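Accompanying notes for the structure given below.
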Amino acid sequence: MKNFKAVGSRLLQLALVLWAVVTILFLMFRLMPGNPMAAYIDPTFTLEQQQQLMAQFGLDKPLWHQYLIYLGNLLQGELGQSFRYREPVGQRIWILLPNTLILTFSSLIVAYVFGILAGAYLAWRRGSWVEQAAIPLVLTTRAMPEFWLGMVMLAIFSFSLGWLPAGGTRAPGNEYSGFLDLYTSRDFLAHLALPAATLAIYSQGLPLLLMRSNMLDVMKEDFVTMARIKGLSNWTVVVRHAARNALLPVMTSFAIAVGYQLQGNVVVESVFSWPGLGRELVNAVAASDYPLAQGAFLMIALVVIFMNLAADLLYAFLDPRISHA
């Protein structure tokens, strides 16, 4: 019963957060100076035609009325009409969302697999020259701006060596019959390699340092000392006893890291011309297409909120002490 109450309370908190995000996004774009339709109104339009265009997007109504209409549309799953594309925002987002999620999760999976293994190894080899050389290198990669790291990757592996394509998701002229056909093609994977590697290099520092820190703490515990007294090999002690117990905070941090990775996607997608939500968000803001911009913001916020909920539930499931607290 306590668990159900805790989950219900958490869901209520997230619903309030979501409402606050929706409200802030609505007000943020509509209170910006200037007329968002100015770039889309033909100078030859008559005043009546301009008013008709404003009415088409609901901009002729008072702000409070627009807000109520927006909330009502959201409850029906409608995100509005894009100024620039003249199509439903939801339709545009669903085209781009898979690209962003594939880039986000593929890069994070690589970063976490490498970070967990390297972090455990560095904890095992604490004080060695390997650890002393690796930690500054990890901190350096974490401090690098993502756009700079992306441009370095482009300069080396695309422009200089010519091993990988510079941007996009497929080579010009290549056509695919569906999403599955595209996402499983060698062409798509080759285009994914550079942006995913850029994000993975930038992100691997968190799981690596977290795993190393947890491992150092766990290896001081009595049960690890007892395992060594029993004569178990170093490999058995590190893998079966220390690493397994150090993994919990690292695994739950994965869900939270998704939110941070989505922020990095905005930069990396622009550098590599990756057709995802982040790049579309930048273009929408530059073009004053605020229905599309707030729709992209909202979708990113939904993913972040859902992943934070998943992190809370996963932690409570893996560590019963949390669920009974």
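Residue positions begin at 1 at the first shown residue.
In case you wondered, yes, glycine gets a Cβ from its N, Cα and C as well.
TrEMBL lists 12-32 (among others) with the feature transmembrane segment.
According to TrEMBL, the domain 'ABC transmembrane type-1' annotation covers 97-315.
Feature annotation from TrEMBL assigns transmembrane segment to 101-124 (among others).
What TrEMBL lists as transmembrane segment is 145-168 (among others).
TrEMBL lists 188-210 (among others) with the feature transmembrane segment. Away from its own ends, the transmembrane segment (188-210) comes close to residues 102-104, 106-108, 110-112, 114-116, 118-119, 122, 135, 138-139, 141-142, 144, 146, 149-150, 153-154, 157-158, 164-171, 182, 249-250, 253-254, 257, 260-261, 264-265, 268-269, 271-272, 274 of its chain (Cβ-Cβ under 8 Å, at least six residues beyond either end).
Marked as transmembrane segment by TrEMBL: 246-263 (among others).
The transmembrane segment feature in TrEMBL is assigned to 296-318 (among others).
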Give the nonlocal contacts of the transmembrane segment (246-263) in its own chain as ranges (CB under 8 Å, at least six residues past its ends). 100, 104-105, 107-108, 112, 115-116, 119-120, 123, 199, 203, 206-207, 210-211, 214-215, 217-218, 277-278, 300, 303-304, 307-308, 310-311, 314-315, 318-319
Looking only at residues six or more beyond either end of the transmembrane segment (145-168), which have a C-beta under 8 A from one in the stretch? 190-191, 193-195, 197-199, 201-202, 264, 267-268, 270-275
